[in-house]
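Per TrEMBL, the features are as follows:
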- 5-23: transmembrane segment (TRANSMEM)
- 43-66: transmembrane segment (TRANSMEM)
- 78-98: transmembrane segment (TRANSMEM)
- 110-130: transmembrane segment (TRANSMEM)
- 142-163: transmembrane segment (TRANSMEM)
- 194-213: transmembrane segment (TRANSMEM)
- 270-291: transmembrane segment (TRANSMEM)
- 303-323: transmembrane segment (TRANSMEM)
- 330-351: transmembrane segment (TRANSMEM)
- 363-383: transmembrane segment (TRANSMEM)
- 403-429: transmembrane segment (TRANSMEM)
């Protein structure tokens with residue numbers, strides 16, 4: 001009974017630790033309906049935030065170089081501590097200064113918010129590499145906990161936003177002695193400052209979970225409870241006393257993993273899976289965030305608000321689906337990827353038509369686009385999880401998950417840089433101005 005409890009506790013601790021991977025950036029993203037009307041960038045703010053995340057992609061490259069240089073001496077443990085602690089500090093700083101701007105390059109810019117996004121993106125992008133690399137110390141069955149924790153990074157901020165309530169709805173007030181209107185915005189139940197402090201508190205829990213994984217014997221007990229564990233009949237002294245303590249040896253882990261797989265993945269198949277993960281990451285982390293405002297706000301602030309709430313829920317739903325259907329065949333992966341690609345193109349077309357896309361300012365239009373966004377993210381997220389699970393089970397190399405994480409960052413760069421040029425440099429997408437009427441027939 002105690003060992004079974006240790007298995008469950010270990011799984012939960014891995015989930016909580018992985019909340020620190022993206023919960024801070026996800027928190028800022030779900031706050032966009034409140035933030036965008038109050039900052040000078042307007043609808044282009046998501047594009048600026050995405051390019052900050054792209055610049056932050058330099059950090060994983062440095063980690064990759066360091067890993068290649070140090071070889072087997074490389075340890076991801078210090079990076080995990082840095083990621084979580086920097087995230088806590090950054091959330092506290094943003095709580096006080098997110099709305100401050102500075103005049104740079106000829107216009108007012110949200111320097112504090114964008115600086116915070118850059119810092120958080122730097123540590124979060126690095127987490128895509130080191131967290132997956134850290135999981136080589138565990139059995140393959142624990143990889144689901146990583147994806148579940150990553151999925152909850154969207155769910156938890158969403159629950160906070162629901163508690164916060166709808167805000168920043170535009171209220172047009174007639175100008176005294178004038179013919180125009182001025183915009184005022186409704187207030188939520190609690191401020192962005194309180195929201196960021198809540199995110200910082202969750203990161204503290206992640207730090208505590210990681211410390212318990214590192215320094216307690218919970219994982220050791222959980223492995224001992226597994227009847228198929230190669231160490232189940234061995235005394236604890238045989239297990240490495242250093243950072244591999246309470247974790248199964250990598251060589252034995254691979255033998256255990258391979259027993260559940262009928263054959264090893266070919267090198268060509270491995271490259272194909274990584275390429276597909278790069279493409280999916282380009283859409284979900286690069287292209288779509290920059291188009292969110294232009295594809296949703298023409299249907300109203302409420303449509304954007306509910307879309308911001310529902311979209312993060314797609315990640316945990318995809319994680320739950322992956323528990324039942326862990327992997328997909330290559331043919332199924334290609335089929336679902338084609339469907340996801342088609343939906344992404346549809347969202348891009350709607351954004352291109354802004355400020356007057358199909359069904360603009362209608363309830364059914366907002367309902368359709370909210371559903372399209374949710375289904376798109378659900379499909380792409382599940383494809384990514386299925387690819388990761390298949391690589392982890394069938395490509396029996398120590399660096400497999402490290403390069404899986406690297407393709408996530410590569411895809412983000414490939415998707416975000418062109419979108420930033422289109423949105424913020426060439427201004428090919430058009431936003432609406434407050435208290436003006438559009439799409440009159």
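From the backbone N, Cα and C atoms, a Cβ is placed for every residue, glycine too.
Of the Cβ pairs linking the transmembrane segment (194-213) with the transmembrane segment (363-383) and spaced 6 or more residues apart, fewer than 3 are under 8 Å, so the two regions do not touch.
Ranked by number of Cβ pairs under 8 Å to the transmembrane segment (142-163), the listed stretches 5-23, 270-291, 303-323, 403-429 are led by 303-323.
Taking pairs at least six residues apart, the transmembrane segment (363-383) and the transmembrane segment (270-291) share three or more Cβ pairs below 8 Å and count as touching. Counted as Cβ pairs under 8 Å, contacts with the transmembrane segment (43-66) are highest for 110-130 among 5-23, 110-130, 270-291, 330-351. Of the candidate ranges 110-130, 270-291, 303-323, 110-130 has the most C-beta pairs within less than 8 angstroms of the transmembrane segment (5-23).
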